[in-house]
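So the structure is just underneath, and the comments pick up after that.
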Amino acid sequence: MAKFRASNILGDPFALATVSISILAWLIACIASIISDIKTDYPNYSWWAVAYMFCCIMGVTIVFGSDTGLVYGVAVVGYLSTGLVLTTLAVNSLVYADESSSQAAAAGFILMSMVIVVWIFYFGSSPQATHRGFIDSFALNKESSGAYGNRPMSTAYGPRPDTMSTSAPQMYTSAQLNGFETSSPVSGYPGGGPGSENRSSSQARFGNPSASNVAGNNSGQDEVPPPTEYPYKAKAIYSYDANPEDANEISFSKHEILEVSDVSGRWWQARKSNGETGIAPSNYLILL
């Protein structure tokens, strides 16, 4: 697991605010529950809600501090969903009590429930969600995710196939391929199949294609230009360093605006403001 850093919480306004409010709400509920238990018959069920929420708050604090929300997000949502049920039932058993201490405990549970709803909405959303990208944009250390280093999510997609090269394929015209046609549609050999009488004359059919190939390669009309339309715009929610072994990838910094031509795959064809083009992982970007 990644190392816990207090700066990940102090530098993230969302994490700092929600963790602080949850701790304050838990202290209110816990202290009020102790006082209520002394004065009246306090429901034992609510003590389990207090203990369970203590573990949940500590767990979420560790996730924020280690910046591993993308790794443990599903588990966090599951535990918080159970905590929301417990705090809601605790509120129902305390809010109608006559003692002010019981009502104060119910207020603490209500405040915790509100924070839980916000956390579930945050951790339950994908990194590409607009609201999550907006929240993460205020964090100072969010781009250097502790669980993944400088490239937090690139390993999630596995190896990228080599067929996604951005270079235009070499195209040939019928004039360039003159002499390469097969005269026998069955055998696929010029001049007929192996052993045919016309087999010996097949070399004459090829002629000297090297000259025509050179001329064809030099003519601009035979080349297919790379895509020039980039109808989408995306904002980088993390910094990304391109793999030095792959010339097709591009590097970009957090909050940088990129132009994107295709958003159907996991790797998007993008163009930077300086005109540099290449592919970028889609889970680092959010569409604008």
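Keep in mind that glycine also has a Cβ here, set from the backbone N, Cα and C atoms.
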Candidate annotated as N-linked glycosylation site in Swiss-Prot, where the set is Asn44, Asn217: Asn44
Same-side membrane placement of Ile38 and Ser100 in Swiss-Prot: yes
Selected stretch (most C-beta pairs under 8 A with the transmembrane segment (71-91)) from 15-35, 45-65, 104-124: 104-124
Local confidence of the prediction over the topological domain 'Extracellular' (36-44), expressed as mean pLDDT: 90
Other parts of the chain folded back onto the transmembrane segment (15-35), taken as Cβ under 8 Å at six or more residues beyond its ends: 8-9, 42, 46-47, 50, 53-54, 57, 60-61, 64, 90, 101-102, 104-105, 107-109, 111-112, 115, 118-119, 139
Chain residues in Cβ proximity to the topological domain 'Extracellular' (92-103) (below 8 Å; excluding those fewer than six residues from its ends, i.e. six or more beyond): 32-33, 35-36, 39-40, 42-43, 45-46, 109-110
